[in-house]
Amino acid sequence: MTQDEMKKAAGWAALEYVEVGSIVGVGTGSTVNHFIDALATMKDDIKGAVSSSVASTEKLKELGIEVFDCNDVAGLDVYVDGADEINGLNEMIKGGGAALTREKIVAAISDKFICIVDNTKQVDILGEFPLPVEVIPMARSYVARELVKLGGDPAYREGVVTDNGNMILDVHNMKITNAKELEDKINALPGVVTVGLFAHRGADVLLVGAPDGVKKFV
């Protein structure tokens with residue numbers, strides 16, 4: 001299996017968690033795009049989706065799936081999204097696609113978080129993938145200095161504006177041994193919208209596309 005074939009396998013495997021008549025939370029990224037393709041095969045059996053990004057919204061609509069505003073739903077049964085890294089506790093780094101804030105919001109209103117990845121995303125310790133932090137533009141330099149104090153090496157992601165109109169700092173050289181504590185510390189910095197650590201709201205189910213098929217971790 002190629003890496004993309006493993007992503008596709010994980011994306012299609014998530015379809016079993018979608019309930020008939022439901023509104024489905026949909027994340028962002030290359031693996032999620034495969035899930036959206038799968039979801040389109042049962043578009044007549046679901047009410048629609050809540051999307052975490054403009055890109056996913058466009059793809060959902062192109063495939064004929066109705067997209068609801070997050071503010072118009074009280075909650076979701078399931079949220080399906082990928083990850084840039086995920087550890088053995090199902091804690092994740094997300095935000096490589098700059099949609100981390102909206103992803104956190106949709107995850108927060110969902111009863112179950114299904115994470116879909118290929119096997120290259122599984123790690124023992126989070127941090128080799130740069131940790132994204134969404135910041136309000138005027139706070140960029142201040143937040144960067146504070147991230148250095150926390151042991152990181154932040155870099156401004158050039159040319160990227162989030163769907164919320166903000167900037168991304170990617171924090172390199174972090175070995176994250178206490179993800180919940182670091183999530184709290186970074187989120188407490190004035191000017192931070194959110195950090196791409198999904199530790200307090202980790203995945204409930206992990207579906208991993210591997211050369212020998214899809215593996216499930218709970």
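Glycine is treated like the rest: Cβ placed from N, Cα and C.
As recorded in Swiss-Prot:
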type     : residues                                                                                   : note
BINDING  : Thr28, Gly29, Ser30, Thr31, Asp81, Gly82, Ala83, Asp84, Lys94, Gly95, Gly96, Gly97, Lys121 : substrate binding site
ACT_SITE : Glu103                                                                                     : active site, proton acceptor
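Recorded features from Swiss-Prot, shown on the structure.
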{"residue": "Thr28", "record": "substrate binding site", "DSSP (3 states)": "coil"}
{"residue": "Asp81", "record": "substrate binding site", "DSSP (3 states)": "strand"}
{"residue": "Lys94", "record": "substrate binding site", "DSSP (3 states)": "coil"}
{"residue": "Glu103", "record": "active site, proton acceptor", "DSSP (3 states)": "helix"}
{"residue": "Lys121", "record": "substrate binding site", "DSSP (3 states)": "helix"}
* To do: Write down the Cα-Cα distance for Glu103 (active site, proton acceptor) and Ser30 (substrate binding site), rounded and given in Å.
  => 15
* Asked: What's the CA to CA span in angstrom from Thr28 (substrate binding site) over to the residue listed as 'active site, proton acceptor'?
  -> 8
* Asked: For the substrate binding residues given in the record (Thr28, Gly29, Ser30, Thr31, Asp81, Gly82, Ala83, Asp84, Lys94, Gly95, Gly96, Gly97, Lys121), what is the largest pairwise C-alpha separation in angstrom?
  -> 15
* Of all the binding-site residues here, Lys94, Lys121, which one's CB has the most other CB atoms within 10 A? -> Lys94
* For Gly96 (substrate binding site), what residues in its own chain, 6 or more apart in sequence, show a Cβ-Cβ distance under 8 Å? -> Gly29, Asp84, Phe129, Pro132
* To do: If we count other C-beta atoms within 10 Å, could you say which of the binding-site residues Thr28, Ser30 has the fewest?
  => Ser30
* Asked: Within 10 angstroms of the C-beta of the residue listed as 'active site, proton acceptor', what count of other C-beta atoms is obtained when all protein chains are considered?
  -> 31
* Asked: Relative to the Cβ of Ala83 (substrate binding site), which residues of the same chain, six or more apart in sequence, are found under 8 Å away?
  -> Met92, Ile93, Lys94, Cys115, Val117, Lys121, Phe198, Ala203
* Asked: In angstrom units, rounded to an integer, how far apart are the Cα atoms of Asp81 (substrate binding site) and Glu103 (active site, proton acceptor)?
  -> 8
* Structure fact -> Around the Cβ of Asp81 (substrate binding site), other Cβ atoms found within 10 Å total 29
* Determine which residues of the same chain, besides Thr28, Gly29, Ser30, Thr31, Asp81, Gly82, Ala83, Asp84, Lys94, Gly95, Gly96, Gly97, Lys121, have their CB within 8 A of the center of the CB atoms at the recorded substrate site, and list them by sequence. => Gly27, Val32, Val117
